[in-house]
Amino acid sequence: MKCHYEALGVRRDASEEELKKAYRKLALRWHPDKNLDNAAEAAEQFKLIQAAYDVLSDPQERAWYDNHREALLKGGLDGEYQDDSLDLLHYFTVTCYSGYGDDERGFYAVYRVVFELIAKEELECMSEGDVEDFPTFGDSQSDYDTVVHPFYAHWQSFCTQKNFSWKEEYDTRQASNRWEKRAMEKENKKIRDRARKEKNELVRQLVAFIRKRDKRVQAHRKLVEEQNAEKARKAEEMRRQQKLKQAKLAEQYREQSWMTMANLEKELQEMEARYEKEFGDGSDENEVEDQEPRNGLDGKDSEEAEEAELYQDLYCPACDKSFKTEKAMKNHEKSKKHREMVALLKQQLEEEEEQFSGVQMDENVLNANSEEEMEDTPKQKLSKKQKKKKQKSAQNFDDNFNENGTEEGGKIAPEKTKSNEDNAKELENRPQENTCITETTEACEDPKSEAKSVPKSKGKKTKDVKKSVKAPAEAQPVSDVLISCATCHSEFPSRNKLFDHLKATGHARAPSATASLNSVTRNKKEKRRSR
């Protein structure tokens, strides 16, 4: 069978106009009426031209013909197709060549012909615009970079241009409808892709087989290994020389004068002396003592004793810190934090001393006024803010107490109740008691408390009782407060004056328990009588 494009004498990518012109020209030439001398041959040729134009003028027929052109030319689609392509399996053995020379049976000549045939088959399946150059296999003397490497780089990624349409099982022209045609095309496409994949893998495996036995590749690999070994040897030699050079420099190295510790210590001492002279820290005597060498006692015991004395001299009890040098101790004593800690320590000591001196005086007052005994709470260390608050609260309490005492003393009338007079006389007649403070207890009590103490009852009698309670409370004049010392019987206008007197004279002594109990019981009896 002759190719339709060859019958019309056009290229495979010819347009419709070119096909029409070629057909008219050949039809006039081979028409039987114009070839009476050779009518049989002209009729046969005219049939081929007519059939070719009929197929190529129809777009669908032309597309199908392009896809199945190779199969049609080699026997058709009826199963009579014979694949005349090169059998590559024959070249996977070492018996296909003899030696690695350049003769006809040599390794390079045999495989050079094989790849030229494969390239020729691929060019037949390509269009004129898609033609590409296939690198040659070369010979035994070919250069690796210009011939061998490009050849293997191309053929190791080989991809055939054949469509393998002769492998199709279904003729889409015989489909009854378009759905059946699509199903046929889908199955045919799977078959073609499978055949194309097998062809590509076969060629790539052949390339790998040849490359493994190619002497040019082996020589190049050996050359690369030698070059790498030479590079490693040179690198090791350079590293060894560098190490020897560094060792030699280390032997010749000398310490610079500015790096020695002796000069550094001397410069440090000079710097300290300059700063002390400028800012006034330290004295000249201390500088001389620090610069002079210390000729201490010999022996370990003398050194330990010296260190202990130095540690005691350089210890700050206020801040609970120890220092290594006298300069550091002096600088610390000049610091603001040290001065604050010293002032705080003095303040704490003064407060503790005052509290210790006033403990027994407070106990005497509490025992005289009530039966309960107050226990002293342990002293806690307070912060600055807490101490300031405590001092302010104590000062306010004393001021309020003085004001209340003087005001009440001014308001109390000179009239005294019988119970208060008895209490005062009894306290004055006690020689064993040191301190006794007699005040009008009933005058200080609130009239509301007296009114509350009256039992509730209904009727006119309760009203008379309430009036009788309110009347003496309102009409009772306020008496003066009697504050006297039980030892010397001196009277004072306020408690602060009495406390100052007790501190100065030392008359504060604890009263006997029986006397305090008798005074309390007698006061209770007098209250009951007054009710």
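Cβ coordinates are placed from backbone N, Cα and C, and glycine is handled just like the others.
For 281-290, the entry in Swiss-Prot reads compositional bias 'Acidic residues'.
The compositional bias 'Basic and acidic residues' feature in Swiss-Prot is assigned to 291-302 (among others).
Per Swiss-Prot, compositional bias 'Basic residues' is recorded for 381-392 (among others).
The compositional bias 'Polar residues' feature in Swiss-Prot is assigned to 394-404 (among others).
Summarising the annotation, Swiss-Prot assigns compositional bias 'Basic and acidic residues' to 408-431 (among others).
Per Swiss-Prot, the feature compositional bias 'Polar residues' maps to 432-441 (among others).
The feature compositional bias 'Basic residues' is assigned by Swiss-Prot to 455-464 (among others).
Here Swiss-Prot flags 522-531 (among others) as compositional bias 'Basic residues'.
The feature domain 'J' is assigned by Swiss-Prot to 3-69, with sequence analysis given as support. Helix first, then strand, then coil: DSSP counts for the domain 'J' (3-69) stand at 53 helix, 0 strand, 14 coil.
If you look up Swiss-Prot, you'll see Ser283 (among others) marked as phosphoserine.
Annotation comment: Swiss-Prot describes Ser302 (among others) as phosphoserine.
Residues or ranges marked as phosphoserine by Swiss-Prot: Ser370 (among others).
Among the features that Swiss-Prot reports, phosphoserine is placed at Ser512 (among others).
For 278-309 (among others), the entry in Swiss-Prot reads region 'Disordered'.
Among the features that Swiss-Prot reports, region 'Disordered' is placed at 327-480 (among others).
Taken from Swiss-Prot, the feature region 'Disordered' covers 507-531 (among others).
Here the zinc finger (483-507) is broken down by DSSP into helix, strand and coil counts: 11 helix, 4 strand, 10 coil. Note: the zinc finger (314-338) comprises 11 helix, 4 strand, 10 coil (DSSP; helix = H, G, I, strand = E, B). Averaged over the domain 'J' (3-69), the predicted model reaches a pLDDT of 84.
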